[in-house]
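> Have a look at this one before I ask anything.
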There are 2 protein chains.
Amino acid sequence: MSEEGFGKAPAIVKPIYFFDEADGKNKMLLGGKGAGLAEMTRLGLPVPPGFIITTEICEKFYEAGRRLPDGLMDEVRRSISRLESLTGKKFGDPQNPLLVSVRSGAPVSMPGMMDTILNLGLNDETVEGLSRKSNDPRFAWDAYRRFIQMFGKIVLGVDDRKFDSILAGKDLSNPKVLKDIAMSFKSLCEGTGGKKFPADPYKQLELAIDAVFRSWTGKRAVEYRKQHNITPDMAGGTAVTIVTMVFGNMGSDSCTGVVFTRDPETGEKQLYGDYLINAQGEDVVSGRATPNHIDSLVSEMPDVYQQLLGVCEKLESHFKEPQDVEFTVEKGRLYILQTRAAKMNAVAAVKTSIDLYHEGLITKTAALERIDPEGLEQILYRRIDPHVKQKAIATGIGASPGAASGIAVFDVAQAEALGKKGEKVILVREDTKPDDVPAFFQSVGILTSRGGKTSHAAVVARGMGKPCVVGCSQIEIDAEGKSFSVGGKKVVVSEGQKITIDGSTGRVYVGEIPTVEPEISSEFKELLQWSSEMKGIKIRANADTVESAALARKYGAEGIGLCRTERMFNQHDRIMQFVSMIMAENEEERRRALAELEPLQKSDFKAILREMNGLPVTIRLLDPPLHEFLPKEEDLMQKIFELKSSSAKPSEIARIEKILHRVHELSEINPMLGHRGVRMGISFPEIYETQIRSICEAAAELAKEGVAVEPQIMVPQVGLVEELAAVRQIFESVKREVEHRHRIKLKIKFGSMIEVVRACLVADDIAHLVDFISFGTNDLTQATFSFSREDAEGKFLPFYLEKGIVSVNPFQSIDRKGVGRLMKMAVDMARKEKKDIEIGICGEHGGDPRSIEFCSTAGLDYVSASSHRIPIAILAAAQSAIKQNKRLHRHSTIA
Amino acid sequence: MSEEGFGKAPAIVKPIYFFDEADGKNKMLLGGKGAGLAEMTRLGLPVPPGFIITTEICEKFYEAGRRLPDGLMDEVRRSISRLESLTGKKFGDPQNPLLVSVRSGAPVSMPGMMDTILNLGLNDETVEGLSRKSNDPRFAWDAYRRFIQMFGKIVLGVDDRKFDSILAGKDLSNPKVLKDIAMSFKSLCEGTGGKKFPADPYKQLELAIDAVFRSWTGKRAVEYRKQHNITPDMAGGTAVTIVTMVFGNMGSDSCTGVVFTRDPETGEKQLYGDYLINAQGEDVVSGRATPNHIDSLVSEMPDVYQQLLGVCEKLESHFKEPQDVEFTVEKGRLYILQTRAAKMNAVAAVKTSIDLYHEGLITKTAALERIDPEGLEQILYRRIDPHVKQKAIATGIGASPGAASGIAVFDVAQAEALGKKGEKVILVREDTKPDDVPAFFQSVGILTSRGGKTSHAAVVARGMGKPCVVGCSQIEIDAEGKSFSVGGKKVVVSEGQKITIDGSTGRVYVGEIPTVEPEISSEFKELLQWSSEMKGIKIRANADTVESAALARKYGAEGIGLCRTERMFNQHDRIMQFVSMIMAENEEERRRALAELEPLQKSDFKAILREMNGLPVTIRLLDPPLHEFLPKEEDLMQKIFELKSSSAKPSEIARIEKILHRVHELSEINPMLGHRGVRMGISFPEIYETQIRSICEAAAELAKEGVAVEPQIMVPQVGLVEELAAVRQIFESVKREVEHRHRIKLKIKFGSMIEVVRACLVADDIAHLVDFISFGTNDLTQATFSFSREDAEGKFLPFYLEKGIVSVNPFQSIDRKGVGRLMKMAVDMARKEKKDIEIGICGEHGGDPRSIEFCSTAGLDYVSASSHRIPIAILAAAQSAIKQNKRLHRHSTIA
């Protein structure tokens, strides 16, 4: 209905395009496959003639309640007539029959998700004609039995396994046998459907078109679109492509194959692929025969090979993108049946991007745009040594990157116990639940046979940064017997046996496979270089150690955006001093304990500041509640119980009891919202005072050595401007005192985390008091959703993701509608108050490409990501800048 | 500096006003006392002549660095000259000396906070003149010794106790003794200050004015202003009032007294007050002598009494407010020295408001405006029986309203133990800390000797709704000896002895004092009636029981805004069924347990809906996490330990272990942000389904009986519109099913709590799906501040309040800048999406007058307050409506 309320006149829709008349750029209308064929036809490549029924017709099909639109088949008949005149064959002609393939093809690639029927047009009569014409009865009957099987399965819904059981053990080189098979297939179809197998080629065609359209809403296809976030505006339906059949199964001068224009594993510029002599496409795909490497074609069919090479070059220079090409050779003549952008791994994607640029095919911008930042994860984590040629025993879904080796353990308690003893454990479970989390902590990796990227195991493992493979349905777990098997007991792995998992690729190996640290290729360096030049927003690292700071610097981080001081306290050599600080009963005792910690803190700060010479280092004052540093209540109770049973010294029991008492005193109902961060810093000002003094002293001493220090002091958990004012007072007095002692002027920025909702709402007042603000989007997301992350990810969030209550985990990608809105408000208010205030983000979202794009459009100065993810962040930032530039350019063009 | 950057020309300031020339409305300039004297002079009342140095001069005094402005004393001399000609006396004249009082007086009443000097102008010579003139040496020397003491203490800083020790045991009726005292006082002053005591009356006057100005920033005054939130724009300084002395100590025909025009305890229209024959004002105030009740004046000085009665009536009809009047009778002649609005208790305030209206003195509006809604608390809670005349042994700060009797217990563990046994315990401590909270639960009241309204004890007790008196410094606690004493062992209360506390008045009594339920006077009913007519916003009640609903209805609540279903589950007769629902291992078991609960729930809902016949009842679906209903982990562990030690049946141990296991499974790190509310309702949809069915069934059955039911179903913890959509689906299907079964159409509103920050940010989407929204400001405040209320109020919030980091507890009064801002955003977005959406608030803020004003201006339809506080809410709503009307009227007048 149009806005005026009148009915809209139906748009004049052209339902069918021949390859030579279609606009190959219009994937939306023609589907990817059809568009590619049209484009190749226009380029003069050897494409068999054919035509496309558009995606609009698919939409009409559904609008009409799954019925082919009236008049469509008339159009199809007219198009078949044209095909007949182009090929000189006739559809249904017993002498010289025209055969076609009927294939699906959506605007967005959904490989293998919809249906294809080959050899359509065969029946008991035409098969004889084909046999005579080709002078090859084996070929003709082979084509016919294939057609009946595909048609039976796809159109008539016959169980595929029934066909296979008829095939089993038969001699497929014997035409008579093949004929018998075809007849048995027909009987099978007629037996199942209760109707005669359609002999009329047009009837076959009509049913096939109908089936392809139906497959658009088949279970597999719907699931695939959901998984890949393919929305109706991206793909409204599938097109149907009808192509004149050419045959790779017409003898030893025929073949069919798939070729990549570049190696999708390494990115090397050389043909990569397989072919099978005397076969049809499905033989390659199904894996029933072992194909030859494409290199053999050089000797087997040298002319064809040269021709293919030429086609590939033409395709690459036209599409400016490595291609994945389907071809068939019929009696020495090459036909190209499909082309599409080649899927590559991260290494290959990087290399080809750089190479395509240097070959002059694409611009730098295009080179950067074609790489998926998230994909770089494969390169950035410890991975299986690429020189090791061991085959994986199974492949699941890579759910948390990195490779790990350890002994398989099937029982949670056992995993926990062995892990605590220092054993490297890989926890193997059908799936996991919240109870299993303690075992996660004690494992080096997790493998499950069920679940997807948002399953409990996946979410928890990612949260902990542990390698994890989920949904590995190829392994069958015998929990009782404590073992798993692959391929029906072909491989059996028992508890205690070593396995290796790769959470990036999802692969599972038997034994301890050597792994390697991530390495940086020259192409990767070039990519980072370009990205750095192109990106607008700055990239900093979340790094608490010198090692992490060094890695960040190597990757090109422009500073440290978050250095957590609590991790320093948790180190073995100082946790006892920190505990005595917490146990202090008054300010004096606390100050004594802090005095011992001060030099340790100072030396930590000096090391990191020295490493980051010339770059800013944002140090966050102590954030977690004090009770987090004390032993757990139950452990203490256990200990007391043990001591009492073993009649230990009363003084020792009293000591533990005192700690237990303090644990009780400090315990909180909701520690996330409790006595922590600035709230603790204000109650015990001597803690922040000591930290600030350590930072000032470190800066002063290094400055004297000539190191260019740029420390920034950041206050966590601020919600009230008065809190910030109180800490600022401490900062200023300590700074003055240190400046005075060292006779030096210190340049130290003072700033606030924005991680409390209220801070967003009073960002102007906060801006007034600080040099910088930095969004802590982890806590901000928790408070905005009222989701405690630890509870949510272990309990209801996986369920929410599965049910579609949330589409993306808000702890992975910034929730623009809620959290993002608060951030924008805060940025606007802060900049209004103080134009040049520095604004960053240091939550884990800082490493997420979608979030980086958001931060970049929201006007932040920098994002801070974990050191390992710096390259991802840099590339994502560059892509975001490119996108914004284009938008700007588009707007200015319009204006 | 003016905005232009030029110096501002000094405004021409008139520093001094005589009473007969001043504008008695201008309290800001003249101070309360001066304005009252000017107004009374204008009314022709017998006020001794005098003048006022304005508050502007006080500001100048501080601008000049605590120096009297140049030229001021010249003006003062001119004014004294005028006084001389008005009185026929002369300042410093040895024959007929003029004496004056010098008194402070701020724009806002700060009783007793600043200084006053009487009898100024006396010296060794003028005292003799006064003696001769009055023919009363006793009087003259009495006046002189009083002057020296006051001047010595206030201007010269002599320790008051030293004067008192000179006075001790002296015969004050003997003029010679008084002369000796005066001389000793002078020596004391000169010995302390090292300077001669000033004889020159002008020097005395200058020093006295200086001292009054200084007293504005004295410790007491500053503290008082801070406590009472008196900001500089409300009172910039004190005025100085200089009045011709009149003497109540000139013999038996003289007296001085204080009278209220109405009884400040009951509101009865009759004079109330005390006077002392032959005395000066300070004698009444200091309590050194026992004054007579004002009724005796009828017989002692009948003419004066009649005159005083006339004055009081004149004052009331002029000020339209009961007055608190200071008077002095000098040799049979009445003088009025001060008048101000009388402070009254809640009962009296209500009665006088209604009476003043019926007497035609004030409008209904004015009658409502003059009552403090919070003050009504005194009337609305259980209180000491007013017929009981027992005196309190001590008075502290009433910190949580209501009266309670119980045995005094000094030890926390003991309080807990006795309380658990069913003993009524009043916990008595110097102060409390988080560790003591378990004992709070087991006590009926709390009494502390330290701390203010925001101390730990006060905050926690208020949170629990337990009567509490804090800061009762008159009691001295001997924690070791388990007793407290008052007035140096005059009264000793030992552990186990019964005491009674009144958390409204702060009074502490020995023994069990009878208490009464709140009663409703006819005046109170009238007040509620008027308020209901005048208020705009509707008032509903938070009520979970029939009793509470009935009380709310009695007070005039217009519905129930929050009926919490979890409290129903927690009742003794059904908690076991609820626990088995939680222990269920699958949906089927859960459904079985829920089926048992359904009829119980239904009957609860029916009872409340029936009670609220014709009014809406908003029922919130289950909110708390399930683990809240299970026993505590440590109790279970203890139980298992005991069972094992006593070699109990293995099956019993197994049963407890199973519960413990479930407790572990459900336990959360931050339950406030965990698996609760709609998040739980979506994971276990059968729980909400059962609750919704109970409500629908209850509504259907009652509707058939002819009860006008208006249930509203409210979903808690919504942050995502998808959550709401999922519950709405359940609601609609259950409603259809019940409608079908009962062949009836149900009118049930569906709505959402707005208590998650994100809900505020997507309020438009939420509005689309609901009939109403209701702000849960408790949780919203927690999430906005990242303050867990339970942790904050026990730990850092009292400290924050004390240090001024927050000025008001945001859990008591809505934080307008943060939470309020979010609420306004949400209201605007929701109304934009759905104009007639019903919007309310059901957090505890619903009973807070300041918050009600905010809600009313923010455009909410109703506030929901606890049943006990409904009258407070109704009055506050009326006051807010009056305020808004005035503002509107003012604006329309300007326009």
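Each Cβ is built from the backbone N, Cα and C atoms, and glycine gets one as well.
TrEMBL entries are annotated by machine, without manual review.
Annotation source TrEMBL lists Mg(2+) binding site at B:E755, B:D779. If you look up TrEMBL, you'll see B:29-65, B:73-294, B:306-357 marked as domain 'Pyruvate phosphate dikinase AMP/ATP-binding'. According to TrEMBL, the domain 'PEP-utilising enzyme mobile' annotation covers B:423-506. Residues or ranges marked as domain 'PEP-utilising enzyme C-terminal' in TrEMBL: B:522-879.
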> Is the domain 'PEP-utilising enzyme C-terminal' (B:522-879) in contact with the domain 'PEP-utilising enzyme mobile' (B:423-506), using three or more Cβ pairs under 8 angstroms as the rule and ignoring pairs under 6 apart in sequence?
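The answer is yes, given that the two segments have at least 3 Cβ pairs within the 8 Å cut-off.
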> Ranking B:29-65, B:306-357, B:522-879 by the number of C-beta pairs under 8 Å to the domain 'Pyruvate phosphate dikinase AMP/ATP-binding' (B:73-294), which range is first?
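Highest pair count goes to B:306-357.
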> Mind checking how the domain 'Pyruvate phosphate dikinase AMP/ATP-binding' (B:29-65) divides into helix, strand and coil residues in DSSP?
23 helix, 4 strand, 10 coil
> Would you say which of the binding-site residues B:E755, B:D779 has the most Cβ atoms within 10 Å of its own Cβ?
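Comparing the binding-site residues B:E755, B:D779, the most crowded Cβ belongs to B:E755.
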> Within the same chain, where does the domain 'Pyruvate phosphate dikinase AMP/ATP-binding' (B:29-65) have neighbours whose Cβ lies under 8 angstroms from its own Cβ atoms, ignoring anything closer than 6 residues to its ends? I mean 6 or more beyond.
13-20, 22-23, 72, 76, 79, 82-83, 86-87, 100, 103-109, 209-210, 213, 216-217, 235-246, 311, 314-315, 318-319, 333-340
> Helix, strand or coil by DSSP: which one applies to B:D779 (Mg(2+) binding site)?
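The three-state answer is helix.
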> Indicate whether B:E755 (Mg(2+) binding site) is helix, strand or coil by DSSP.
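Reduced to three states, the DSSP call for B:E755 (Mg(2+) binding site) is coil.
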